[in-house]
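> Below are the features listed in TrEMBL for this protein:
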ACT_SITE  HIS106  active site, proton donor
ACT_SITE  GLU673  active site
ACT_SITE  CYS707  active site, proton donor
BINDING   GLN88, PHE89, ILE90, ASP142  (6R)-10-formyltetrahydrofolate binding site
BINDING   571-573, 597-600, 630-635, 650-651, LYS757, 804-806  NADP(+) binding site
DOMAIN    318-395  domain 'Carrier'
SITE      ASP142  site 'Essential for catalytic activity'
Amino acid sequence: MKIAVIGQSLFGQEVYCHLRKEGHEVVGVFTVPDKDGKADPLGLQAEKDGVPVFKFARWRAKGQALPDVVAKYQALGAELNVLPFCSQFIPMEIINAPRHGSIIYHPSLLPRHRGASAINWTLIHGDKKGGFSIFWADDGLDTGDLLLQKECEVLPDDTVSTLYNRFLFPEGIKGMVQAVRLIAEGKAPRLPQPEEGATYEGIQKKETAKINWDQPAEAIHNWIRGNDKVPGAWTEACEQKLTFFNSTLNTSGLVPEGDTLPIPGAHRPGVVTKAGLILFGNDDRMLLVKNIQLEDGKMIPASNFFKGAGSSALELTEVELVIAEAVRSAWQRILPNVLEVEDSTDFFKSGAASVDVVRLVEEVKELCDGLELENEDVYMASTFGDFIQLLVRKLRGDDEEGECSIDYVEMAVNKRTLHMPHQLFIGGAFMDAEGAKTFETINPTDGSVICQVSLAQVADVDKAVAAAKDAFENGLWGKISARDRGRLLYRLADLMEQHQEELATIEALDAGAVYTLALKTHVGMSIQTFRYFAGWCDKIQGSTIPINQARPNRNLTLTRKEPIGVCGIIIPWNYPLMMLSWKTAACLAAGNTVVIKPAQVTPLTALKFAELTLKAGIPKGVVNVLPGSGSLVGQRLSDHPDVRKIGFTGSTEVGKHIMKSCAVSNVKKVSLELGGKSPLIIFADCDLNKAVQMGMSSVFFNKGENCIAAGRLFVEDSIHDQFVRRVVEEVRKMKVGNPLDRDTDHGPQNHHAHLMKLMEYCQRGVKEGATLICGGKQVPRPGFFFEPTVFTDVEDHMFIAKEESFGPVMIISRFADGDVDAVLSRANATEFGLASGVFTRDINKALYVSDKLQAGTVFVNTYNKTDVAAPFGGFKQSGFGKDLGEAALNEYLRVKTVTFEY
């Protein structure tokens, strides 16, 4: 068909281009006159294509069509007028002239929201459905017959821009092309608009966009978003006009604490918080505004409203103004579809992609004598005004943010001075707990108080989850590439290595870990874990799947692996840093944010880790650390509606409770590494020297505070007595002492309550008839030291045969020579299934036993041999889900299936 396109804007340009691709002949384009010397995109494109372009300032005078305008139009011989977006009034002589008439696009579901501000009013009225209509043009009252309509869901925080960009723009272009196709095929309907439900609202202007505070929070939110970005909902406060943008009703976890902002007519004063400006409706519900435009036009984060000159815009020198204009030209070259780069122009919303970030960084380097920018700088300052402010600060050398204020506890230990944070870590800052509550963390070596640590409360959990949620949804973490995310995790691992001795010393001080073991395992494996998962960041991939084709069309199905969101990680006290690392590294590699609850008795390495995440450049809010009780902090994390995953290591009893809370709250994903009673079977044909050595390690490694410790050793009858004698000889050689001494083999138990449980455990074993060969008592010295203990003659029915000690207690039972199946049956007769082991020189026996053992890990002729690349996790009541290895990533990812038809 011969088509005349009447309209303007990028939308008009796209419709024009698509119609030409469909094979239609555009005989003329009618658009608005140039503004400030710049042509409208529609006219600009048509001129490039050699299509006649007309730029009439007006089409009629005194109610009558201008004859020369009508004549120029009629000379084109158009068969259809297409009006994709038109701000001019087109006379009916033009509308009715073509053989097929005229069609026009309107961004609402007519007859609702007739008028020029339809998108605004869709949001202001809180409509749950939006969309667009294409109708046969009438006399300008939007009442013409309908040709087609398409609808979409209006999201709770949609603005005019997001609704337009997400649906009305892309789908509207397709709709216009489809409408023309229907006309060409003679299938275009003419459906009279119903009058039921019809509304007509006027143009939204700045003077009419003032906020009425005497209404519920949802209505205020709808008013703000319905005027975002144009014309902007405003109020008067602090003797100036303030315009609000980026409003949300999602205030879960926010506490209205901060500086109050009196607002005339408001039900309650606003509160400026770290998250933004909290406002209240007359129903006392809250809404949050994240950006404020001041009366002078400056746009600032709402959280910075009361900040002084440090947060105000810099005044540029003449030289800096020249640089700013040169950078503006660079933006203009990179963003060709933007008519004019203004301070409010957003780099990404204007169509820039990651390759454009690289180009901008390189152009700035040339313009500014080699000034180094990071890609993250562009993401953090995405509007032109903010970018220039950042650039000038860097050029002046005062761009560095002030160091995070950390109130260290300093202590001279192990020939070094430790600097230990002791406050909660929320949103990139160390802070006191709600009500300034604290608890004492104890040195198990002598029972002395190391320091006071902030004790997190429910309100602190809510703050931390809100910070993690904001970092996930709005922060830099979700914008940077997977490879850049990996680079940050590599940097964190390097910092942990630089602080390895300090971290190991803190583990010895706070957890009683033997220093030499802490260097290699507690801290060493933590570093390896972060390096391993840093390498996975850019290798998390979906797949393409062949499915049945919808003939004659075809289908393409693919899967995407996506981060879950905010994750809660609850870690035990036996390996404070390593257990944190096993879960947190996989969680962060997958792209999530995290709230970590360390064990209350061992919080200090987790807080030092938090400090290192800041130094590594991990964005604020991505990692949060909350020392506190499990019944309060752990419970709130399990119950919190914005937490989407819980990773827990601890007892089976608590794991069951967490699983129930996760189900009842919001069916959050959960992985559990729980208790164990790991069997170790030692056959007579083993290498006895190695079996004794590894048997000792299987029980006494890390003072027995080891989730996979061999909870019960089954020794074949013919070597039983020899094995026991050799073990006792080795136990008597062990040095029990200060964990910081380099020759110490066995340090103190983690805390006093655990020491008492071990004493009760051994007393019960003796009472039930087991033979106590050695140990079983507290070491007579200050601190929480317990003697390495060996029991023999342990029968299957005894308490110590069935229950985990989680301490340095070796439980030995004998089994008849050659009775492999019987010992397997006894080994599997437990509700636990975390780990297991077998010692034998017979490969067939080793394979058979490893097949039959019901445990997540089986060690053959070794023990405790875990590796960051090998998945780790239990069976039965030892939990489910995996730490370490590629399998651990799946615990922190969700799989989305996407199917296309073409």
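Backbone N, Cα and C define each Cβ position, glycine as well.
Because TrEMBL annotations are produced automatically, they should be read as predictions rather than curated entries.
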> If I take the Cα of PHE806 (NADP(+) binding site) as reference, which of the recorded positions PHE89, ILE90, GLU673 has the closest Cα?
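Nearest by Cα distance to PHE806 (NADP(+) binding site): GLU673.
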> Quick one, of the recorded positions ASP142, GLU673, which Cβ has the fewest other Cβ within 10 Å?
ASP142
> By DSSP, how many residues in the domain 'Carrier' (318-395) are helix, how many strand, and how many coil?
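The composition, in the requested order, is 49 helix, 2 strand, 27 coil.
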> Could you give the Cα-Cα distance between GLN88 ((6R)-10-formyltetrahydrofolate binding site) and LYS757 (NADP(+) binding site), in whole Å?
84
> Please identify, among the binding-site residues ILE571, GLN600, LEU632, GLN635, LYS757, the one with the smallest Cα-Cα distance to the residue listed as 'active site'.
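For the residue listed as 'active site', the closest Cα among ILE571, GLN600, LEU632, GLN635, LYS757 is found at ILE571.
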> Among the binding-site residues listed here (ILE90, ILE571, LEU632), identify the one with the smallest other-Cβ count within 10 Å.
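Each of the binding-site residues ILE90, ILE571, LEU632 was scored; lowest Cβ tally within 10 Å is LEU632.
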> Which number gives the other C-beta atoms within 10 angstroms of the C-beta of PHE89 ((6R)-10-formyltetrahydrofolate binding site), all protein chains shown included?
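Taking all protein chains shown, PHE89 ((6R)-10-formyltetrahydrofolate binding site) has 10 Cβ neighbours within 10 Å.
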> Highest Cβ count within 10 Å among the binding-site residues GLN88, GLN600, GLN635: which residue is it?
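Per the Cβ count, the most surrounded site is GLN600.
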> Quick one: average pLDDT across the domain 'Carrier' (318-395), no decimals.
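Over the domain 'Carrier' (318-395), the predicted model scores a mean pLDDT of 84.
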> Just how spread out is the (6R)-10-formyltetrahydrofolate site if you go by the largest Cα to Cα distance in Å among GLN88, PHE89, ILE90, ASP142?
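Output for (6R)-10-formyltetrahydrofolate binders GLN88, PHE89, ILE90, ASP142: max Cα distance 14 Å.
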